[in-house]
Amino acid sequence: MLGFLKKPIVVTAEINMNLVALTVMGLISRLWGLSYPRAVVFDEVYYGQFVSLYMKRIFFVDDSGPPLGHMLLALGGYLGGFDGNFLWNRIGAEYSMNVPVWSLRLLPALAGALCVPLAYQILVELQFSHCAALGAALLILLENSLITQSRFMLLESILIFFILLAVLSYLKFYNLQRHSSFSGSWWFWLLLTGVACSCAVGVKYMGLFTYMLLLAIAGLHFWHMIGDQSFSNVSLMCHFLARGLALIVIPVAMYLSFFYVHLTLLYRSGPHDQIMTSAFQASLEGGLARITQGQPLEVAYGSQITLRNVLGKPMQCWLHSHTNTYPIRYDNGRGSSHQQQVTCYPFKDVNNWWIVKDPGMQQLVVSNPPRPVRHGHIVQLVHGITTRYLNTHDVAAPLSPHSQEVSCYIDYNISMPAQNLWRVEIVNRESDTDVWKTILSEVRFVHVNTSAVLKASGFTGASLPEWGYRQLEVVGEKLSKGYHQSMVWNVEEHRYGKSQEQKEREVELHSPTQMDISKNLSFMAKFTELQWKILTLKNEDTEHKYSSSALDWITMDTNIAYWLHPTSGAQIHLLGNVVTWASANVAALVYVCLSLWYLIRRRRKIYDIPEDAWQLWVSAGGISVGGWAVNYLPFFLMEKTLFLYHYLPALTFQILLIPIVLQHLSDHLCRSLLLKSMLSALIVAWFSSVYFVYRTFSPVTYGEPSLSASELKDLRWKESWNILLRKQ
């Protein structure tokens, strides 16, 4: 029974020393002197703010993309014990001692380092030689721009890592398909493909380009499987479901999980609350939640409410009135009703309070029991402080002459009767008997007499002149002009009115209410709102000193100065290896030309290379050229400020193409020993030049050693490069 103890337990393992060596070199190149400079470098000033907010659990919205990348950067800060206390206000600011610089930069550096062995493995899985794979890895290793981007608290290296991991995982899965379908390793690599794709998209939406490419390749491969008679119908269905689960269902579930963790971590109110709906704000700890906690849920006749416009951009605002009236005549000569002004005011104020009144009764208090207002009910809105009724009539609005003026009615004893009846329409109702709810209900107010809808028009036009205190215009808009979010309002603050006398009511309007009713949003409601804000929120794009066009990237006619030492000439620039970039462009051109040549010849039934070599050529191009195209060409359609670092994912795929083209030339076009020897000699000389350029630009890649003014001038190989020279 114990016979197995008579022999030693032996474990054997195959270790690819190429991979080990490449990984070590990648780690050294990216981790060496990682804490230098101990100052804010370029976009660290942007991402650092979000890391601090994570540390303090304060909610924020970043329109640049999903939260996974920010959370990974914050993880580095958490592991380093960062408390979030640092003012990220300028590039070059020295980090205080409480900022764990090495830890904050660690994850991007590790991701950049691991891209080196990933490039090696991708070429191997594409069935290219280990020599070609080694060449691809070394080119990634010696690419100055990738090194620079990996060594700071930035997201591109993490994005590229997940992109390459997704490509490698799919290739491993596809190669296992031939002989071990549905095995453990087959499932592992298929699932890892979906996980890596979702992580790439979760870091930056640019990851979506590679995800779509892999889905297209997977679809093409499955299409070929359908035509393979060796697969039964049941087997094909199983393959289809497996791919759907791993490449669609799991990525979607993981994408949702990123937001779930994000929203779980950021539970405190913060500076970005105002762009969210009242319901979202009320779900956060502090801020609006402190005001609205315990408010009555159902709006009733006699309720005292504030009405916030749902659109909320470019600023939040509340329905407001004050004792001032519209001028008798505007500057353009048009007349007004001279009624009390109604505006949308972007600050909380006692003049934002309104009372919901039943037109058939005089009382302005909530009855016992309360009578809730439902969808379709007719109400009057009484301004809390002035007790005048919200009104609109056939008079042109001050700034929008094609819309109706909205006012609070003053009886001047002339032939202009009050028109103050409004129908409540709950836009997000589930049934036509829904009750109007605080925060949760989004409502329109439709004027009974004219069918005009209460609208905050100041979002699209100018604010009112001095007589209107520069507040936003409110108008009555005809329904025939279409639906817009500026027509929708929600109750933000709410209390049940108890005082019939005006003096007592004014005191009541300044007092908080306390009734214990929860208004917590579900995760899906919060996710939907946050996702929509990320996709639609547009910060005003301004021209940046180092912004560039997509055309500038191919020939690297631009650079970015990331950091400048305050006293010496030491500086860090995002600059690529000129030889590598030029070689990548040549490789892409050669690939396209050769592919067209082969296609034309094959159309004429002339086959210059064996069929397996042709399939290898096409599949390798689909990954490398396809990866370059989908990560580069979309930028020509984008209306946003672009920078050189946006090109790095596309560049990575283009670099992989260089050894692919070189091996193809060696195997199929250089057919004599002499030509092969000449090509080998040229490759050695070319690779030496790649290393020479890497070493030449290392001082501005790593920031040290410091260079003199003349040495910096020598690095300006192109007139368009902005190398910083300190004035003597």
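If you go along the chain as it appears here, the first residue is 1 and each next one adds 1.
Here the Cβ of each residue, glycine as well, is placed from N, Cα and C on the backbone.
In TrEMBL, the annotation transmembrane segment applies to 612-630, one of the ranges 42-60, 612-630. Among the stretches 68-88, 100-120, 186-219, 240-261, 674-694, the one making the largest number of Cβ pairs under 8 Å with the transmembrane segment (612-630) is 186-219. Within its own chain, the transmembrane segment (186-219) is flanked in space by residues 64-69, 72, 155-156, 158-159, 162-163, 165-167, 169-170, 172-173, 176-177, 180, 242-243, 246-248, 250-252, 254-255, 258, 622-623, 626-627, 630-631, 634, 646, 649, which lie at least six positions past its ends and keep a Cβ under 8 Å from the stretch. Of the candidate ranges 100-120, 642-662, 674-694, 100-120 has the most C-beta pairs within less than 8 angstroms of the transmembrane segment (9-32).
Averaged over the domain 'MIR' (296-359), the predicted model reaches a pLDDT of 89.
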